[in-house]
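Pulled from Swiss-Prot, these are the features on record:
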- SER40, GLY41, GLY42, GLN43, ASP44, SER45: ATP binding site (BINDING)
Amino acid sequence: MGEQRPLALAWSPWHDRLHRRLHQHPQLLPQRQPLLLAVSGGQDSMALLVLLQELQRLHHWPLNIWHGDHGWHSGSAVIAADLRSWCQQRDLPIQVDQAPQGSTASEASARHWRYSQLQQRAEELGADVVTGHTASDRAETLLLQLARGTDLAGLGALRPVRPLFNDSPDGAQLRRPLLGFSRADTAAVCRDLQVPIWHDPSNQSPAFARNRIRAEVLPVLEQLHPGCSQRMANLAERTSQLRDTQQELSQLALQPLRTSTGLDRRRLGALQPSTRRQLLVIWLAQQGVTALNAALLEQLTDRLALSAAGGSCDLPGGWRLQWQGDNLSLQPPAAGH
């Protein structure tokens, strides 16, 4: 249970820092845009909440709060009740949803449930979703992506703004205004502004890969190279910007390759492997194929070389890529896949 201390809402250097960032990057949280804050009760999301509540009078966002009770530990219902009471005392509208038993057994399933609930609530409110992800989260994600195997998009993960769901680009957006703050910063925000924090013991569980990165890997790297977490977060941001540039240039390069049935396989195959891979990723994503790992992309890049024979390849989601002669085409999943 969080320590119930009085809330000291006042302008602080933390408010000034975020306010300046929002003026420099107005697309992060557009003024008057309804916002749905995903609040766990931990230090990052509570810092986000208290900063945006005070900045609301300048930026005029309608604010709503959402909390998801995953049921991962015996005290989760108490945290949900305490957080609801805390918000209600401050006239902050909050919705608390409880996950069905067994629906959040893994990190992936929990994330799917959480984001599905957020999407539903955001659509009801006409709001965008805001999370308290920090530069520290970005460094952890970079390490996880490197360990799993990734491409440029994976290295630039945790973008400041993106669609909540990739297959709904015109739907609710996911916004992360605290990527310029570290986890140490959010702890200081909560301390300086006397904001309560509810500690979730599942964040310490070694069963989750991110927790082990946070507790076992990053501390060692920080001892060896102090400040490395922030440098990794900065690298992720630069990579994200580089990818945006690459995407725009690749769109221009893709136009001459398009045919009535797909792509000109010979013109694609004559390109350098790295260019061929990038254009293939963009074209497939436009068709709805996104879950491609680095190993499969390398395999396809080699098999689509000009000197390679015709062939086919099954892709995630039931898609099938086929190529023969000049033609490269994509077959959609069978009905009911």
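Note that Cβ sites are derived from N, Cα and C of the backbone, with glycine treated the same way.
Cβ packing within 10 Å was compared across the binding-site residues SER40, GLN43, SER45, and the lowest neighbour count falls to SER40. Cβ environment of ASP44 (ATP binding site): GLY132, HIS133, THR134, ASP137, LEU178, ARG183, THR186 lie under 8 Å away, each six or more residues apart in the same chain. A sphere of 10 angstroms centred on the C-beta of GLY42 (ATP binding site) encloses 19 other C-beta atoms. Neighbour count (other Cβ atoms within 10 Å of the Cβ, all protein chains): 21 for GLY41 (ATP binding site).
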